[in-house]
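As recorded in TrEMBL:
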- Asp413: active site, 4-aspartylphosphate intermediate (ACT_SITE)
- Asp413, Thr415, Asp963, Asp967: Mg(2+) binding site (BINDING)
- Asp413, Lys414, Thr415, Glu655, Phe697, Lys721, Arg761, Thr841, Gly842, Asp843, Arg937, Lys943, Asn966, Asp967: ATP binding site (BINDING)
- 41-95: domain 'P-type ATPase N-terminal' (DOMAIN)
- 989-1233: domain 'P-type ATPase C-terminal' (DOMAIN)
- 461-489: region 'Disordered' (REGION)
- 1265-1297: region 'Disordered' (REGION)
- 73-91: transmembrane segment (TRANSMEM)
- 97-115: transmembrane segment (TRANSMEM)
- 293-318: transmembrane segment (TRANSMEM)
- 344-367: transmembrane segment (TRANSMEM)
- 534-554: transmembrane segment (TRANSMEM)
- 1052-1073: transmembrane segment (TRANSMEM)
- 1103-1124: transmembrane segment (TRANSMEM)
- 1130-1151: transmembrane segment (TRANSMEM)
- 1163-1185: transmembrane segment (TRANSMEM)
- 1205-1224: transmembrane segment (TRANSMEM)
Amino acid sequence: MTWRSPLALVRDYLQGQRAREKDLRNLVSNLPYEGLEKRKQPNRYFLSNAIKTTKYTLLFFIPMNLFEQFHRLANLYFVGLAILNFVPAVNAFQPDVALIPICVILSLTALKDAWEDFRRYQSDRKLNNTPCFIYSRKEKQFVQRRWKDVRVGDFVKVVYNEIIPADLLLLHTSDPSGVCLIETANLDGETNLKQRTVVSGLCNTSPEFEPESFNSIVVCEKPNNNLNHFKCYVEKPDKEKVGAGIESLLLRGCTVRNTDHAVGFVVYAGHETKSMLNNNGPRYKRSKLERKLNTDVIFCVILLFTMCLIGALGHFLWLQALPSVPPYLVPDSNGHLDSPSLSAFYMFFTMIILLQILIPISLYVSIELVKIGQIFFITNDADLYDDDTEVRMQCRALNITEDLGQIEYIFSDKTGTLTENKMVFRRCSIVGTEYPHKENAIRLALLAEVDLEEEVIFNQHPQPPQTSWSLDAEDTNSQDSHRRGSRCKSKVAASAQSDVAFSSPLETEVIPDRKLLQQISRAESSSRRKTDPYLDFFLALAICNTVVVSMATAQRRRVSVSPHAWQTNNALDTLSNVVKNAGCIFTSCWRKPKRNRTVSEGSALEDDSFQPPLKMTGTVNTNGIQTYSLHTPSQGDKPAATLDNLRYEAESPDEAALVYAAKAYGFTLLARTPDSVTVRLPSGEDLVFEVLDTLTFDSNRKRMSVLVRHPITKEYVLYTKGADSAIMELLGTPYAEHLMTRNIAADTQHHLDCYAKEGLRTLCITKKVVSDNVYESWLVDRQRALAAIDNREELIMDTAVQLEKNLSLLGATGIEDRLQENVPDTIMALREAGIQVWVLTGDKPETAVNIGYACRLLEKDDLVINMSCKNKLACTSILDCTLEEVRRYSQDPRNVDTTPDISLVIDGCTLTMAMSPDLQERFVDLAKRCRSVLCCRVTPLQKSRVVKVIREKLKVMTLAVGDGANDVNMIQAADVGIGISGQEGMQAVMASDFAISRFKHLKKLLLVHGHWCYTRLANMIIYFLYKNVAYVNLLFWYQFFCGFSATAMVDYWLMIFFNLFFTSVPPIMFGIMDRDVSAEMLLGVPELYRTGQGAGQYKFSTFWVSILDAFYQSLVCFFIPYLVYMDSDIGIFTFGTPLNTVSLFTILVHLSIEIKTWTVVHWVVMFGSVALYFIVTLAYSAICVTCNPPSNPYWILQNQMADPMFYLICIISTVVALLPRYMFHVLKNSIAPSPLVQARHLDRLDSSTKEQWIKEWRSFRGGGQVKRSRLSTPPSPTLENSVDINPETPTAAENMEDDFTLNVTSQRPVHT
C-alpha cells in the first residue's frame, strides 16, 4: 500500500463529501477499473455496502458510554457531588465511599449498553458476511462474494428467494417480459408481491445479459428515505436518455419471488440504501408523568438547598455563640481556624453531600425497570393475542406505558382500523342500470349468521330447485349488513386465511346477479359485442389495476388453518336451501319486522323466462358453501385446474375484490406483464391487450388508468377507475349513441349516493378511446416527463391529467368493508371512560355516517351537526351559529344538570377552512363540546394537522390509531401512536409506539393496562420521593443537636446500603405488580378510567402532601428515640441504629398501606428486605471494626437487639408515625369513598352480586350499562325506492347545490 500525505487524504475526504452531497450522481460501471487501487475507482467516493449499527468500539467504549450517560443531568449531579467530596474542606464521607452509589448506577447502565451493542455487532457481522453474486471481468462470470464487498457500480445477480443486498437498478431478468417479482415484507410488512420491470431500451438484445457491454451512465438522485419514489435516467453513449423510476429499483432487504434470477446495477449501497435510511431505531418519547416528575425533582432540589442553607446558617450561629474555641475544633498546620462565615460557606456544600439522597439517584433506574416489567405483562396478555394471525401485542416505545392511562382524545382511521379491510363485492351499476346481487348478499348473510350462531342446521332432505328468491331474506341482509359485521367474529374469513393477502373466501367468492348474467350473455352473442358497455365494464375491472398474477405453487404460505367443509351434492340445491334457511334464521333470530319495498325493473327478484344455453360450474369453498358461475359452454373451455391455480397479488383489497368480481362473470385475468394483459372472456376466448402505459393512483387525482391497445379493434383505449368526486367532473360524451336518451351520469350518481348511505365503498368505471394523433402527441410529453429528474412527479401527474379527460362513464361498483369484532362495544366503553373519539376517513360523508352509526360513534339520540360548505364566509357563519346554539343550551337554567350528546360530521373541504388561523379557535371550541367527531374526505396531512391542533390548543393527551401508510403522519403527531397490523402492511406499525392486531384490543389496553401502568408508576414515584425525604430528614434533625456539623449518626456504609439494597426492591415490585382494581371491574365500569385523565392521581397537591407526611414521620422516628435516650450515655451509633431500624419499618409498613393487591412476591420482597437489613447489619457490626475510622460500629446491633427498649421503640415509633396516614385512609374510604375504593369493595363480592351492584352503581352515576344487545344501524336507502325518511336531512344533490349545509338531526331514523 503506497503512502499518501495527510493533505491528500484530507483533499480526498472533502471531495468525497462534496460528491455525496450533490443532488445528482453520475455512476459508471466498475468493470473497466477492476483490480485498480481505490483512488483510481470512479465511484470511490460513495459508501461501501458494509453496515455498522453499533454505537461503540472496544477501545473507546468507556469514554463514549460515560459521555452518553452524562447527558442525563442526574448523573452529572451525583458525579459532581462525588468529586466535591474529595475536597477536604467540604467532605462529609470518605471520598471512596461517596463514589460507590454513582459507580454502581453507571456500571449497571454500561453493562446493559455493552450487551445491547454486542448484539448489534453480531447482527452486523452476520449480515455483512452474507454471500451474494458479483460479476467479475477477470473471470467472465458472476462470482460469490460477501455483502460487504458490494460497491456502487457493481453488477449483482440475485436468484429466487434471495434477499437483495443493495439498491439495484434492474437491467435484466430471467423472465422474457423483463419482470421481477419481489416481496417487500422486510421493509413495509406487505406480503403481496410487487412487480419490478427492467429499464426499457437497455440490454434487451440478447437473452443473456453481458455486463461488460454496459457502457452507459446512470444519473440518479441523492439518497433519501422515500420508499415509493426514485428519480433516475440512463444516458446511453449516443446521449439518448432513458427514464427510470421506483418501478425499476430493487430495494435492499426485499426478497426475489417467482423469478429465477435478475441482474441489477448498484446505485446505493450500505447506509445510503433506502432501507437503512428508514432504520431510525427505537422511538423515544417523554411521557407526561416524566415531565411532571422533572418538575417535582426541581422542587426537591429547592428543598435540598433550603435545608443546606438552614444548616449553614445554623452552623454560623452555633460558632458565633461559642464562648471559646472548643478542643474538638482542630486548627490547620499554621494554627489558624476558619472564620464562622467561611466555615458556614464550606458547611453549605458539606450539607449538600450529606443530604444528597434527597434527589433520588435510583429513581430513574427504578422507573426503567418498572416499565420493562409492565411491558412484559402487557405483551404477554392472552386477551391481546390474536389467534387468527398469531400476532401478539407489541410495545415499540418503552418509556410511555403510563400515558396509556391518561388518554382524553382518540383519533382513529376507519378502513382497516374499525373495519376488517376485507372488501366484498356487493352491487354494481352499469350504464345507469343497477344490479343488486341479491344472491351474493344472501351468501354473505349466511356467513355472518354462521359466525353469530356458531352453527346452522341445514335441511338435509332433497329440495326441489328454487326458481325465485326470497324477498324477505334479502331485505333482512341489506338492512343488517353492518350490524351483523359488527357482531360477527370474522371467524370464517380469518380461519380461511389464504396464502396471499386479500384472498379469503369471503373476498374471492362472488355469486353473480342473474339478470346481469343474462345481459352479458346477450352481449356475447350480439353483433355489437366489441363495443358493448357490459363487456367493457368487466374488462375494465379485470385490466385497470396493478394486480400481479401468479400460480398457487409459487406462493409463500402465511397461515395454515384446516377448514371444515360441509359435503353437498348440487350447487343449486344448496343455494336454494341457503336462501330458505336464511329467511327462517333471519326471522327467528332477529324477529325484525319487514319493510315494504318496491321492486324495480333492475331487480333480479322476478322469475326469468329467458334461459340461454348456460353452463353452471360449482365449487365448494372452505366454509362449505357452494358458489357458481355461469358462462356459455363454447369452444374454448380450458381445464378448471388452470384457473384454480391462479393467485392474485393485489396491493389493495379494493383491487382484489374487483378482479374477483370480474372473474365471477367469466372475465378472468390470466396474466400480466409490463407490456400486456391477458383476459379470458366468458366465451373462453383469450384476449391479449398491449399495455401502453399505466397511470398509477395518487391522492391528488384520486384515480388510476391503464392505456391499452385493443387486440381486435386496434384502438387505443383508456380504462379509468376512481372516486366519483374525481371522475364525474371529467365525463364527456356518453358511451354510445343509443344510450344518449338516458342520463347515465345522473342515474349512476343516484346509485352511488345510495351505495354510500348503505356504507359501501364506491368507485366509478370509465372508458375513453384515444385517437392515434392524440396518443402520439401525448407519448412525447410522457417520455419527456419520465426522463426528467427535476419535478418528475409533477410532470408525470400533468401528463396523466392531460389524457384523463372526456371520459365515457361505464358504471360504478359498491364494495362492502365490514366492521371488526366488538368495535361498537369498544367505542361505547371508551366513550364512557371519558374519552372523545374522532374518526378521520377519506370516505364519502354518506359512507362514513353509516359506518358511524353502525359502530355507535353516532347514536340515535345524538344531536348530529353536519358541516359542509364551499366558501369561507359560509364556514364562518355555520361555526358562529352552531357555537351560539350550543352555548345557549348550556346556559339555560333548565339544562344545568344535563349535557347534550352532540356529534359533528365535517368534510375535508370544510375542515380545511375551519382549521385556518382565524377560525381555528372557534372550531376547537365547537369540537371540544362534541362527544364524537367524524371527519370525511380528509387527506393524510389533514389527519396529522387535526391531531396537532387539538393536542396543542386543548392541552390534552391524544392517541392516534391506524393501519396504513396514510395514517403514519397522524400516528406520529399524537402523544401515543398505535398501529394495527392489518392487511395493508406494517407501515403504521413501524411508525407507532404500540401495535395491536384488532381494534377491540384497544379497550383492554387502555382501560386495564393503561390504568394499571399509570396508577402503579404514579404511586411508586410519590412513594420513592417520600421515602428519600423521610430518611434524609433524620440526618437533618440530628444537625440541630450536633452544631450543624454535617455529622451522621448512622454508619456511612449502612446509609448507602439503606437506599441501594434495603428499600429499593419493594417499590419496584409495587410499581410492576400492584393492582388497585381488577381487570374485570375496570372493563365492566369504564368510568374508572377517568381517574387518570387530566391531573390524574399524580397531582401537585399529592406530591406536597407526601412530602409533609415524610417530614412528620421523620420527626416521630427521630424524636421518640431521642426522648427515650435523652440524658443517657449511649454512643452515637447506638442512638443511630434504632433510628435506622425504625425508619426501615416505617417506610416498609407505609408501602404496605399503599399496596392494594398482595401476592406471594410482595410478601417475599417485604420480609426479604427486613431479613436482608438485619443480616447485613449484624454481619457488618460483627466484622467491620475499622471499615470507617475513626467510627466503630462493632457489635452495636447485637447489643441493641438484646435490649427490650429497642423493640418498644421500633413498635411505638412506627405506629405513631403511620397512624395519621392510616386514619386518613380509614376516614376517607368510609365517609367519602372514591370510585376506585367502591370498585375494590365490589371486587370482594361474588360474581352475581357484583354484576348486580355494577348495574345499579353505573345507573346511579349516570354511566348507563354497556349495551350489548344487537346494534341497530341507520336506514339503508334502497335503490328501488329511494325516499328520504328524515325530511330534515337534505339529500346529497341538495348539498352540492347549496353554498353550505348545516344539517342538525336530533333523532336518528328508525326502521319500521
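Note: Cβ is positioned from N, Cα and C throughout, glycine not excepted.
In the shown protein chains, 19 other C-beta atoms lie within 10 A of the C-beta of Phe697 (ATP binding site). When the CA atoms are compared, the binding-site residues lying within 10 A of the residue listed as 'active site, 4-aspartylphosphate intermediate' are Gly842, Asp963, Asn966, Asp967, out of the candidates Phe697, Arg761, Gly842, Asp963, Asn966, Asp967. Take the transmembrane segment (1205-1224) and the stretches 73-91, 534-554, 1052-1073, 1130-1151: counting Cβ pairs under 8 Å, 1130-1151 has the most.
Through the fold, the transmembrane segment (534-554) approaches residues 181, 192-195, 257-258, 428, 430-431, 499, 516, 519-520, 523-524, 644-651, 655-656, 658-659, 661-663, 665, 667-672, 677, 679, 681, 689, 694, 696, 704-706, 708, 719-721, 735, 765-767, 810-811, 813 of its own chain, all at least 6 residues removed from its boundaries and within a Cβ separation under 8 Å. Asp963 (Mg(2+) binding site) sits 14 Å from Gly842 (ATP binding site), taking the Cα positions as reference. A simple way to gauge crowding: the CB of the residue listed as 'active site, 4-aspartylphosphate intermediate' has 27 other CB atoms within 10 angstroms, across all the protein chains here. Around the Cβ of Gly842 (ATP binding site), 22 further Cβ atoms fall within 10 Å across all displayed protein chains. Sequence-distant neighbours of Arg761 (ATP binding site) (same chain, 6+ residues apart, CB-CB distance under 8 A): Thr415, Met423, Asp654, Gly814, Ile815, Glu816, Asp817, Asp843, Thr847.
For the domain 'P-type ATPase N-terminal' (41-95), residue counts in helix, strand and coil come to 22 helix, 0 strand, 33 coil, using DSSP.
A distance of 14 Å separates the Cα atom of Arg937 (ATP binding site) from that of Asp967 (Mg(2+) binding site). Pairs of Cβ atoms less than 8 Å apart link the transmembrane segment (1103-1124) most often to 293-318, out of 97-115, 293-318, 344-367, 1052-1073. Note on the binding-site residues Thr415, Asp963, Asn966, Asp967: the fewest other CB atoms within 10 A surround the CB of Asn966. Proximity of distant same-chain residues to the transmembrane segment (1052-1073), defined by a Cβ-Cβ separation under 8 Å and at least 6 residues beyond the stretch ends, is recorded for 93-94, 97, 100-101, 104, 357, 361-362, 366-367, 369-370, 373-374, 377, 1016-1017, 1019-1020, 1023-1024, 1027-1028, 1031, 1140, 1143-1144, 1147-1148, 1151, 1154-1155, 1157, 1159, 1161-1162, 1165-1166, 1168-1169, 1172-1173, 1176-1177, 1180, 1184, 1187-1188, 1193. Taking CA atoms as the reference points, Gly842 (ATP binding site) and Asp967 (Mg(2+) binding site) are 11 Å apart. With a 10 A radius on its CB, Arg937 (ATP binding site) counts 21 other CB atoms from all the protein chains.
Taking CA atoms as the reference points, Phe697 (ATP binding site) and Asp967 (Mg(2+) binding site) are 17 Å apart.
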